[in-house]
Amino acid sequence: MSVGPACPQSLLGPEASNSRESSPMPEESYVSLQTSSADTLDTDTVSPLPSSMDLLIQDSPDSSTSPRVKPLSPSVEESTEKEETVPVKKQKIRTVFSQTQLCVLNDRFQRQKYLSLQQMQELSNILNLSYKQVKTWFQNQRMKCKKWQKNNWPRNSNGMPQGPAMAEYPGFYSYHQGCLVNSPGNLPMWGNQTWNNPTWSNQSWNSQSWSNHSWNSQAWCPQAWNNQPWNNQFNNYMEEFLQPGIQLQQNSPVCDLEATLGTAGENYNVIQQTVKYFNSQQQITDLFPNYPLNIQPEDL
């Protein structure tokens with residue numbers, strides 16, 4: 001009987017048993033290994049994540065197949081609303097002045113182109129207008145006056161204004177001249193107003209030609225006029241001229257008498273006009289002794 005070969009078998013028996021016992025793997029570990037290997041395979045085969053451009057290309061639809069409307073921004077919406085609601089301009093209310101109001105306003109403008117606040121208020125109360133209406137009317141009238149003076153100013157060859165200004169702005173004379181500006185009980189007189197018109201302030205009323213004139217002269221006295229010798233001559237001439245008519249009146253029938261009286265009346269009117277003419281001539285000679293009375297049209 002051989003012991004040698006049996007020993008190694010006995011010795012190797014537990015090791016072999018142990019190896020045999022350890023070789024078969026349990027099911028749980030085998031499943032875990034399979035899942036881990038599958039995960040590794042999946043990570044290897046999965047493609048990389050797409051970039052942002054790829055996402056945009058994929059998400060952007062085709063305009064021909066499915067068009068998409070973009071929402072409007074709030075600023076664009078406000079602009080469209082403003083365009084739809086166009087503001088309507090308010091029409092200016094035109095003041096219709098009466099003829100009397102226009103006459104008073106133009107008369108005051110000719111005298112004084114710039115009024116103070118108190119003067120405008122007084123004028124508006126008189127004309128039953130508002131202060132703004134009077135102020136606006138004066139402003140418009142001043143603009144018209146300046147424009148008229150600019151267009152009518154005398155100019156030289158170079159187009160520059162020269163010489164004094166033209167006459168006053170004729171805006172007042174374009175209105176009706178027959179309106180009663182200072183009618184009693186209607187509107188107050190402007191005589192008490194102090195006007196700053198240079199034509200009145202610069203006038204020399206105390207001239208020698210006026211102050212040295214003797215107004216109490218016999219030339220202006222009625223008695224002196226009646227006592228003039230030429231007056232008696234005209235009276236005698238009138239009596240001599242009417243004397244034949246009086247004689248015909250006594251020796252003529254009624255129809256001839258009427259004709260004679262008509263002729264005498266016409267002659268009397270002619271004589272009266274002649275007397276008035278000579279009276280005026282005598283007044284001229286008394287006032288202006290050196291004034292030539294027999295002026296012919298060729299001498300002018």
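Any Cβ shown, glycine's included, is placed from N, Cα and C.
Features reported for this protein in Swiss-Prot:
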REGION    1-86  region 'Disordered'
COMPBIAS  31-50  compositional bias 'Polar residues'
REGION    117-146  region 'Required for DNA-binding'
REGION    190-234  region 'Sufficient for transactivation activity'
REGION    190-234  region '9 X repeats starting with a Trp in each unit'
REPEAT    195-199  repeat '2'
REPEAT    200-204  repeat '3'
REPEAT    205-209  repeat '4'
REPEAT    210-214  repeat '5'
REPEAT    215-219  repeat '6'
REPEAT    220-224  repeat '7'
REGION    235-300  region 'Sufficient for strong transactivation activity'
**Request:** Quick one: average pLDDT across the region '9 X repeats starting with a Trp in each unit' (190-234), no decimals.
**Result:** 47
**Request:** Pull the DSSP breakdown for the region 'Required for DNA-binding' (117-146) and write it out as helix, strand, coil residue counts.
**Result:** 27 helix, 0 strand, 3 coil
